[in-house]
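Trainee: Okay, these came from Swiss-Prot:
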type	residues	note
BINDING	Asn31, Leu33, Gly58, Glu79, Asp104, Asn124	S-adenosyl-L-methionine binding site
Amino acid sequence: MNDIPAIGSPIRTRTILNEYDLHASKRLGQNFLIDLNVLQEIVQGAAIGPDDTVIEIGPGIGSLTEQLAKAAKQVVAYEIDKKLIPILSETLRPYKNVEIVNRDILKADFSIFAKNQSLKIVANLPYYITTPILFYLLNSSLNFKSVTVMMQKEVAARLQAGVGSKDYGELSLAIQYRVNVEIILPVTRKSFMPSPNVDSAIVQLTPKENFQSFPHEEALFKIIKASFAHRRKSLVNNLLYYFGKNDENRTKIERSISETGFDLNIRGERLTLENYEQLVNNLSENMIFSKE
């Protein structure tokens, strides 16, 4: 194993692609990571250790899988592209702690991980499906310690964005509701083969300690979505679009916003998650809608 270049090295990646006449699938958003420093940064950033079971999403030809296998107790790699399975079986043959599963992660049975005490998720996701996969994982039964993901740089900025910034919005609040977000490392497009049209970033999500769901979660996210429907409009006007424009609704909305402690000209981007939770409570108490 030591005499063979790492799978993620440019020379080994080219050799594998040529040997199997393999071309990156645009339909599946495939780009192969060929920067060993970045691969090792992912493993180190995820703090993978000998007690960890790792779920990897989208192993490709096994570049990241190989580095994970060297550090983890077990790696279960989910690959949706059937033609990559025999390649993965060959490139990862030396690593007996790797299991390759040909399945869409959105259809995976996570019950097999119920007894894992130290579960971590690592992924180099196609950009077009990053957000759906993240929400699927966050809403799943998986008791993970962290999710470490390579994603488009702009999406990473939106996930981490703080109140009042240009990137802050519905996605920021929806993700930060359940987890803490940290950008570990920016990654240039030159680290991939073929090079994508955008730069990337490695992001880590960790569950909030003592997380308790808001009792009226569905109402909360409906209000958040409505509040960012027209970013340049005030919160009052956005909520009027949502509830319906009439004098009674305006009075109740304005009262609810005032009771939250804000000026009536405030925009949705100025409210924190805690502010939105209080706003939902106030809107309900003012009987503009039911939280149930």
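Cβ coordinates are placed from backbone N, Cα and C, and glycine is handled just like the others.
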Trainee: Would you say which of the binding-site residues Glu79, Asp104 has the most Cβ atoms within 10 Å of its own Cβ?
Mentor: Glu79
Trainee: Return the count of C-beta atoms lying within 10 angstroms of the C-beta of Asn124 (S-adenosyl-L-methionine binding site), excluding that atom itself.
Mentor: 27
Trainee: Among Asn31, Leu33, Gly58, Glu79, Asp104, Asn124, recorded S-adenosyl-L-methionine binders, what is the largest CA to CA distance in Å?
Mentor: 20
Trainee: Within 10 Å of the Cβ of Gly58 (S-adenosyl-L-methionine binding site), how many other Cβ atoms can be counted across all chains shown?
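Mentor: Neighbour count, Cβ to Cβ under the 10 Å cut-off: 25.
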Trainee: Provide the number of Cβ atoms within 10 Å of the Cβ of Leu33 (S-adenosyl-L-methionine binding site), excluding the reference atom itself.
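Mentor: I count 22 other Cβ atoms within 10 Å of it.
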Trainee: When DSSP states are folded down to helix, strand and coil, where does Asn124 (S-adenosyl-L-methionine binding site) land?
Mentor: strand
Trainee: Helix, strand or coil for Asn31 (S-adenosyl-L-methionine binding site)? Use DSSP.
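Mentor: SS state of Asn31 (S-adenosyl-L-methionine binding site) = coil.
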